[in-house]
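Listed features, source Swiss-Prot:
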DOMAIN    29-264  domain 'ABC transporter 1'
BINDING   Gly61, Glu62, Asn63, Gly64, Ala65, Gly66, Lys67, Ser68  ATP binding site
DOMAIN    264-515  domain 'ABC transporter 2'
Amino acid sequence: MTMQTITAVSGNDDAATHGAAAPPGGALLSLDGITVTFPGVRALDAVSLSVRAGEVHGLMGENGAGKSTLLKVLSGVNQPQAGTLTLNGTVQRFASTRAALEAGIAIIYQELHLVPELTVAENLMLGQLPSRLGVVDERALAVRALDALERLGEHIDPDIPVKYLSIGQRQMIEIGKALMRDARVIAFDEPTSSLSARETTQLFRIIRSLRAEGRAIIYVTHRMEEVDALCDRVTVFRDGRRIETFESVAELDRDQLIGCMVGRSIEDVYGYRPRAAGDVMIEAKGLTGPGLSEPVSFAARRGEIVGFFGLVGAGRSELMKLLYGATRPSGGHVELGGKRVAFSSPRHAVRAGIALCPEDRKQEGIVAIASVADNLNISARRHFSPARVLLDARRERDLAQRYIERLAIKTPDGDTPIGALSGGNQQKVVLARWLAERIDVFLMDEPTRGIDVGARAEIYNLFYELAEAGRTVILVSSDLAEVIGVSDRIIVMKEGRIAGEVAKAQATPDALIKLALPR
């Protein structure tokens with residue numbers, strides 16, 4: 001089966017706007033009354049949905065809303081107990097992923113389904129390798145692979161193993177696989193979660209090209225800005241049901257969208273709770289180091305949530321690492337509770353009462369293959385086993401269970417690998433780890449990135465509880481609504497220095513952006 005041509009889209013092309021999209025055609029894919037049940041759970045409850053040819057249809061909802069189950073129905077992984085799936089006018093029922101692919105439906109999952117040891121060309125043609133007399137036709141394979149890569153706009157050697165490619169390049173190979181099978185419906189599951197800004201731009205160009213060809217695109221995301229940039233319509237799921245389909249993204253009311261997702265208003269999501277601040281808990285005096293262009297000075301009090309806002313490269317994450325002892329300052333110092341401190345490592349910072357929830361949660365915050373209990377106990381373990389020879393399994397199990405219940409961490413049990421949890425529940429485990437350490441200062445670097453709205457509300461409530469208990473929370477966030485909605489005051493950084501501070505009452509998007517923009 002040959003791959004159809006993908007129309008090239010330049011960075012300045014008008015197709016980047018909604019108005020330039022190809023007019024949507026009739027429904028290419030229709031779901032009517034789809035119901036999927038598991039023991040004790042109704043994952044999809046009589047869901048009806050249509051996706052048109054030539055549109056990008058966004059799917060939004062909290063984790064557990066039913067989006068992933070819907071994709072599994074489309075791909076043949078799950079078979080519904082009721083309802084019908086109609087593709088291009090024909091009722092279909094897929095008994096396997098192969099059947100769905102052959103019918104023309106492809107899913108691009110977050111966890112890419114490539115074989116790392118095989119070459120780019122072999123992955124592109126997986127399951128349909130060209131052969132002659134029972135032997136792979138290497139020449140035909142190379143020609144088809146080069147053709148596919150050229151049409152995707154990717155300059156990749158087709159003979160190198162996929163394991164050497166970036167995440168963005170691997171994702172392009174997945175898209176190429178779908179097009180090699182001439183998929184007319186392509187679903188993307190949180191595709192930008194691990195991509196750089198450049199890779200995201202390239203992905204959007206490809207998706208717009210696919211839309212212009214008349215393919216039906218399903219786009220699952222938590223990110224409002226991606227819906228604005230890419231989608232024609234958006235459907236919201238909650239608790240296994242389709243709540244509403246918004247017919248025009250250009251006229252979308254964000255507050256209404258969030259309300260549909262979580263079942264409450266946007267004010268309830270942030271739920272700001274004012275409180276009195278106490279004495280200064282942490283203070284930086286003339287701090288300099290990697291990522292800072294000028295000496296940085298600021299103070300944060302007990303019971304206070306201090307927001308740090310800035311654009312990419314402003315120096316916020318670098319400042320947090322200096323406070324945490326992950327990097328060494330070249331000048332200035334830090335005071336904790338009025339006493340001068342100097343940390344040679346994060347371990348020393350933790351023992352003094354400072355903890356960091358890092359920006360890259362998956363790489364720096366958790367051990368993905370370890371259990372929830374092991375991740376939670378990583379730091380507290382030294383209290384249970386001073387000699388560091390024998391582990392106290394019972395105490396560790398009890399501690400894990402206590403915090404699983406206290407923070408309402410959604411996991412079957414403490415032995416579940418943390419990598420199997422949603423982003424919001426992974427972040428709760430990281431927070432629980434530090435709660436078990438009696439931390440005074442919580443450095444939260446982009447704590448809700450990639451987390452759905454409902455889980456965000458739960459994490460914000462944890463911040464308020466910490467502040468009400470006299471702890472200090474420093475919130476680094478690129479989300480304007482979040483940093484304004486949660487913080488007591490906001491410090492804005494720009495080009496490695498503090499550009500200004502904004503009080504709660506004066507905090508508006510315009511005020512923060514004006515301070516954050518480069519000269």
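Glycine is no exception: its Cβ is also placed from the backbone N, Cα and C atoms.
All protein chains considered, the CB of Glu62 (ATP binding site) has 24 other CB atoms within 10 Å.
The Cβ of Ala65 (ATP binding site) has Phe237, Arg238, Asp239, Gly240, Met261, Asp452 as same-chain neighbours under 8 Å, each 6 or more residues away in sequence. When the binding-site residues Gly61, Gly66 are compared by the number of other C-beta atoms lying within 10 angstroms of their own C-beta, Gly66 comes out lowest. With all protein chains in the displayed structure included, the most crowded Cβ environment within 10 Å among the binding-site residues Gly64, Lys67, Ser68 is that of Lys67.
Residues belonging to the domain 'ABC transporter 1' (29-264) score a mean pLDDT of 87 in the model.
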